[in-house]
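> From Swiss-Prot, for reference:
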{"type": "BINDING", "residues": "Gly108, Ala109, His110, Gly111, Lys112, Thr113, Ser114", "note": "ATP binding site"}
Amino acid sequence: MTVYHFVGIKGTGMSSLAQILHDMKNTVQGSDYEKRFFTQVALEKRGISILPFDKNNIKEGQVIIAGNAFPDTHEEIMAAKELNIPVHRYHHFLGNLMSQYTSVAVTGAHGKTSTTGLLAHVMQGANPTSYLIGDGTGHGVENSKYFAFEACEYRRHFLSYYPDYAIMTNIDFDHPDYFADINDVFHAFQEMALQVKKGIIACGDDEELQKIQAKVPVIFYGFGEDNDFQARNIQKRTDGTVFDVFVRNTYYETFKITGYGNHSVLNALAVIALCHYENIDVEVVKHQLTTFEGVKRRFNEKTVRDQVIIDDYAHHPTEINATIEAAHQKYPEREIIAIFQPHTFSRTETFLDEFAESLSKADQVYLCDIFGSARENKGELTIEDLQKRIDGAELITDTTTDILKKHKNGVLIFMGAGDIQKFEAAYIKEVQVAEK
């Protein structure tokens, strides 16, 4: 019996892939650092064993899958080589796996995770679908027709894939530690477009995506009239969003979604366009759109006393705009408070003015210290450089969150890609202690 061993199983992509292989009735195990990580929950629920790193974990007959963070000199990878066991890097293994299905890569600077989750949910209503989401969620079905997966542009990782379809949500300058500028990002997406085998579903409202050249049909979606799939007559309600879809200027159908903000409409439109292209029954699509419950760390809400607390992964100005817009739509009468932790010094420095502009759309802003990456130096930048660009912004630590209690009936959005959740946890604990 083949045993799949993951070197670095707690990585978000790695844990998702491990879940998929397990669900497909394979024997799966893995190793990693002993520090607890949020991806462990899904692995433990499935009974997948997580071991400490040890060269003795490697045995004859295993299939070794290694995360990109671990060099060839890692003790387990070295042990595999000594036993002449091939080591498959995560992206290459995933690329081979998806070739067995009708694969859909979801790419873009923003909206990948939410769109992948929505796509998988909708397609599941019509046909067996396996999926891999960048939030550490994976689901495998043995007789899958479709394989939906999130494909990240960072370090051009997505060039390991040759999918049947690609959804391209947008092209934006991010990851300034790797990409030189927007043109560098565009060229990565252009290279990806040439690897797609059947069709590309791209947001036509995005100026960069309009320039994409491909060997396959490119179907454009968006709000603009030139798009193949256009959303019109949008009703932004407190219980979701309703809109009409026109296909090449002819009315197609009216859809209701559970999401808020323009970005949620665009994500749904991409999914609707792909399903139309694959001849999935529109009634199935309509029903599945109304039952989608979202993905991890994307506008996740809870109520604490008279306040709404939202946990969101937004860490780029475009994403912050979208999250604050969604909060204003759902809670039009309430004060919106942004608690933001910048992620990496390089990104904060590159987008300093843009961060200030997007955060200013909240009624009140609190800033946590910058969450540095292990890959970078601090440089001269401090959180005060951002604070002075936002009127009334205050600094906050995980020991001073009690200041948030004064926002009676407020909507508190904790945003960031670092450890912003510890600030949220500290505040909730503060409120619970005060209640006793």
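From the backbone N, Cα and C atoms, a Cβ is placed for every residue, glycine too.
Mind running through what each feature is packed against?
When secondary structure is read from DSSP and collapsed to three states, Thr113 (ATP binding site) falls in the helix class.
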> Around the ATP site formed by Gly108, Ala109, His110, Gly111, Lys112, Thr113, Ser114, list the extra residues of the same chain whose Cβ is within 8 Å of the site's Cβ centroid.
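Going along the sequence, the neighbours come out as Val106, Thr115, Thr169, Asn170, Asn267.
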> Can you check which residues sit near Ser114 (ATP binding site), meaning Cβ under 8 Å from its Cβ, same chain, 6 or more apart in sequence, and list them in order?
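Correct list: Gly259, His263, Ser264, Asn267, Gly294, Val295, Arg298.
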> Same-chain residues six or more away whose CB lies under 8 A from the CB of Thr113 (ATP binding site)?
Ile133, Gly134, Asp135, Glu150, Val295, Arg298, Tyr313
